[in-house]
Amino acid sequence: MDFFHHAQSQQKRRRPPKHSNKRGLTHDQVRLLERAFTTTKKLEPELKLELANQLGVPPKQVAIWYQNRRARWKTQSLELDHRRLQVKLENALADKRRLEREVVQLRDELREAQIMAFAFSPEMVPSHPAPSPLPFHSCFEGGSLASLHEDVNGEVLQFDELYACLIGSG
């Protein structure tokens, strides 16, 4: 025997033997197992024996099917959770972008209102042409909007005064 034929025969011997006693499940058997799996994810010994008898397969095959099915179920659950979290993240990011645009718009409106207020009260003209908007946190100092203020030429304007300037009654 030459070297080539000897190597081929060695490779054939190294292959694991085929499992002739292993047989696949029919669609009806899988359907019954799936129905049982929907009611209980953990296979109790009594249920394992009952399913094995109904299906005509060894109890070990039922146990292995359950183990594999539980692993697939867990993976599917994780994928669904990931998708849900991804949607929540995308929604939160969209809300954040919307709120950032709203903040910019509100700051612009506040700046315009301050300019209008200073235009109605010439004695309160600031040294700079466009006053910067008040920081957001200053609106809530003291727990109310009434404490809103802006230092203009050393004077403190109360919210009520600014509002009165805006509506023309001050």
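Here the Cβ of each residue, glycine as well, is placed from N, Cα and C on the backbone.
All TrEMBL annotations are machine predictions without curation.
Within the listed segments 47-81, 82-116, TrEMBL records coiled coil for the stretch 82-116. Residue counts for the domain 'Homeobox' (16-76) under DSSP, helix first, then strand, then coil, are 42 helix, 0 strand, 19 coil.
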